[in-house]
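Visitor: Sharing a structure, written as structure tokens. Questions coming.
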Amino acid sequence: MSIIDSTTGANASNLPLSPLLVILGNTGSGKSALAINLAKVIPAGIINADSRQIYSRMDIATAKPTLSEMLEIPHYLYSFIQPDQPFSLAEYQTLAYQAIDSLHTQNRLPVLVGGSGQYLKAVLEGWSIPPVAPDETFRAALFEKAEKEGGDVIFTELEKKDPQAATQIDPRNIRRVVRALEVIHKTGGKFSGLLIKNPPPYRVFKIGIHIPREELYRTVDLRVEKMLEQGLEAEVRSLLEKGYKASLPSMSGIGYRQIAKYIEGGISLTEAVEQMKFETHRLIRQQNTYFRLTDTNIHWITLEESRSNGIIQLVCDFLAAENKNEIH
């Protein structure tokens, strides 16, 4: 019997729910490496839950899996959106569910991997995204304000109007901050209050990789240096030469924004690198609002444990425990 055979029929009330493994944690914590190692032993497919890794042509600063890794193991929702192509949270949620169902059909374990809390919550909690039509005039005014005064200004506005929504949205993702403010503006209510939850019929096991903050800071600082060595400047130059403007939401990601500013003469390369490190540290702190060590629904492991055979046994135990919601 395959690993999924015993859980087929997730929508039938008298049958066990189909399994979904989630690997989460801070940027630079080794999530992708763990997922790939597991998929080499257990029939599985990897689904991206990182809002930066959806874009094509943007590989180095987003730290995507390598091409050889993607060819060896089924990967979903990586590099499928052009840098100037609009893409909504609702679209991601729909595609993620399709990928999960596809893997179940293939008798493979779906492994949802990423550090974008909003992507993870939208899928795991079954958010019903508010169907509010865009207000282009309102949007344009906010984007202009963010460009002139900085994204922090409009994020602060969101924090005042809807503190709960502010904890669920990456402050660097200007497009999503604008969308939340737009919904608040058009409905008169809170964006967070409009998110109706309808959890999908999956038996979920969440594994979180925890690395002490100072150790993680050192790790990501070294990764920033490595990105420069791998050709990040050339990658950003290529994007700009192809007509992808630095003001695009995709270009607001760490690494692209700073190197674009350096290329355009706004800052030195040294300043760009320091800003990349600072923003990565900030992202780690932001992610910690999503991924808390006190969350008993997450099975936390160390980096060393993520590299051990014990983690494989843990996942096998999860697959064997059809009627349990947690593995301890």
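Yeah, the Cβs are placed from backbone N, Cα and C, and that goes for glycine too.
Dumping what Swiss-Prot says about this protein:
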type	residues	note
BINDING	G25, N26, T27, G28, S29, G30, K31, S32	ATP binding site
BINDING	T27, G28, S29, G30, K31, S32	substrate binding site
REGION	50-53	region 'Interaction with substrate tRNA'
SITE	S116	site 'Interaction with substrate tRNA'
SITE	R139	site 'Interaction with substrate tRNA'
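Show me how these features fit into the structure around them.
Guide: Counting every protein chain shown, the number of other Cβ atoms lying within 10 Å of the Cβ of S29 (ATP binding site) is 24.
Taken residue by residue with DSSP, S29 (ATP binding site) is part of neither helix nor strand, so it is coil.
Taken together, the residues of the region 'Interaction with substrate tRNA' (50-53) have an average pLDDT of 96.
Neighbour list (S116 (site 'Interaction with substrate tRNA'), Cβ cut-off 8 Å, at least 6 residues apart, same chain): A49, D50, S51, R52, D170. In the three-state DSSP scheme, S116 (site 'Interaction with substrate tRNA') is classed as coil.
The local packing around R139 (site 'Interaction with substrate tRNA'), expressed as other Cβ atoms within 10 Å of its Cβ over all shown chains, amounts to 16.
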Visitor: Neighbours of the substrate site T27, G28, S29, G30, K31, S32: Cβ within 8 Å of the Cβ centroid, same chain, sequence order.
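Guide: The answer, listed by sequence position, is G25, N26, A33, A63, G115, I209.
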Visitor: In which DSSP state, out of helix, strand and coil, do we find R139 (site 'Interaction with substrate tRNA')?
Guide: helix
Visitor: How many neighbouring Cβ atoms, not counting its own, are there within 10 Å of the Cβ of T27 (ATP binding site)?
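Guide: For T27 (ATP binding site), the count of other Cβ atoms within 10 Å is 22.
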Visitor: By DSSP, what is the split of the region 'Interaction with substrate tRNA' (50-53) into helix, strand and coil residues?
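Guide: Final tally across the stretch: 0 helix, 0 strand, 4 coil.
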